[in-house]
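**Q** Got a structure for you, questions after.
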Amino acid sequence: ALKEKEGDPGPKGGRGAPGRKGSRGPKGSSAPVPRAPRSAFSAGLTRPFPPPHVPIRFDRLWFNESADYDPNTGKFRCGVPGAYVFSYHVTVRGRPARLSLVASGRRVAKARDTLYGQDIDQASFLTILRLRAGDQVWLEVAKDWNGLYAGAEDDSVFTGFLLYPDAAGPARGGHSPSQLIISIFKLHNKTPSQLLQSLHAALVNNYEMWFNESADYDPNTGKFRCGVPGAYVFSYHVTVRGRPARLSLVASGRRVAKARDTLYGQDIDQASFLTILRLRAGDQVWLEVAKDWNGLYAGAEDDSVFTGFLLYPDNSFPAPAILAWSKLLLESV
């Protein structure tokens with residue numbers, strides 16, 4: 001039979017009705033969520049009156065995330081570069097104590113507590129250091145000033161933790177929702193006779209900046225100004241010598257926390273305070289001393305430190321607006 005010749009294509013037909021919805025496909029695999037770096041420890045003293053000029057072995061471990069603290073040597077070794085909080089809260093008994101916080105061989109903070117007889121006292125200190133990988137931090141006591149005590153009713157504790165890692169922070173001038181804001185200063189090399197001013201003027205122009213992330217603390221006025229609304233931690237750990245001290249933490253003109261330390265003669269004591277405040281943008285916070293109660297002291301062996309940092313921002317605040325540039329005025333540890 002002869003093959004028929006194909007004709008010309010016909011016109012394009014109309015669009016057909018949609019087909020039925022297909023069944024759901026298999027669930028995909030979960031994307032890995034990176035784990036934020038962690039480093040934290042808290043360790044207690046078990047043997048009172050440790051030997052001088054060597055790392056104190058706080059060998060009763062309470063917490064040791066990432067095992068960066070070694071109870072056999074008394075040293076913390078930085079595994080994650082970043083900003084770290086270090087503090088001690090110790091019992092002093094029977095003899096005076098002179099403690100130094102040492103970072104990679106350099107004494108970065110010093111404090112003393114004069115105590116004799118069978119009296120019992122407490123001493124504490126808190127500050128923030130920027131560490132590089134491999135940096136080591138520990139506590140030391142001085143010869144004849146090793147009155148650290150621990151017993152059935154008395155603990156002495158050394159604590160440290162990573163506040164935020166450098167790796168998570170942006171370059172200078174950038175922004176990051178995870179960046180925290182820290183301001184630290186210390187009263188620097190002033191004797192009591194040079195601190196006769198009252199109110200917060202006693203803390204102005206007598207400072208040495210250790211760290212001032214976001215530059216929210218103004219050394220020219222002595223005031224911290226809130227740029228990011230949220231919950232803030234504020235603390236002071238100061239040396240008192242020769243006269244009593246009455247300190248007030250002031251927030252936007254209102255004294256929100258007050259404390260006293262009565263001391264006369266040449267005795268040396270330590271006073272500390274820590275609290276949390278909720279601040280709005282523009283709120284200001286500072287420390288004041290009262291007239292005739294201005295015994296804050298600083299010298300070659302004694303530091304007085306005021307510290308504050310953002311714990312967390314308010315949910316309503318746009319995170320990208322958090323400033324994250326550093327004003328580190330001292331050489332990093």
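One-based numbering along the chain as shown.
Cβ coordinates are placed from backbone N, Cα and C, and glycine is handled just like the others.
Note: TrEMBL annotation is automatic and uncurated.
Straight out of TrEMBL:
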COMPBIAS  10-19  compositional bias 'Gly residues'
DOMAIN    34-169  domain 'C1q'
DOMAIN    178-317  domain 'C1q'
REGION    1-47  region 'Disordered'
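Walk me through where these features lie, including what they touch and how far apart they are.
**A** Within the model, the domain 'C1q' (34-169) shows a mean pLDDT value of 91, rounded to a whole number.
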**Q** Report the DSSP secondary-structure composition of the compositional bias 'Gly residues' (10-19) as helix, strand and coil residue counts.
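**A** Reading the DSSP string over the compositional bias 'Gly residues' (10-19) gives 0 helix, 0 strand, 10 coil.
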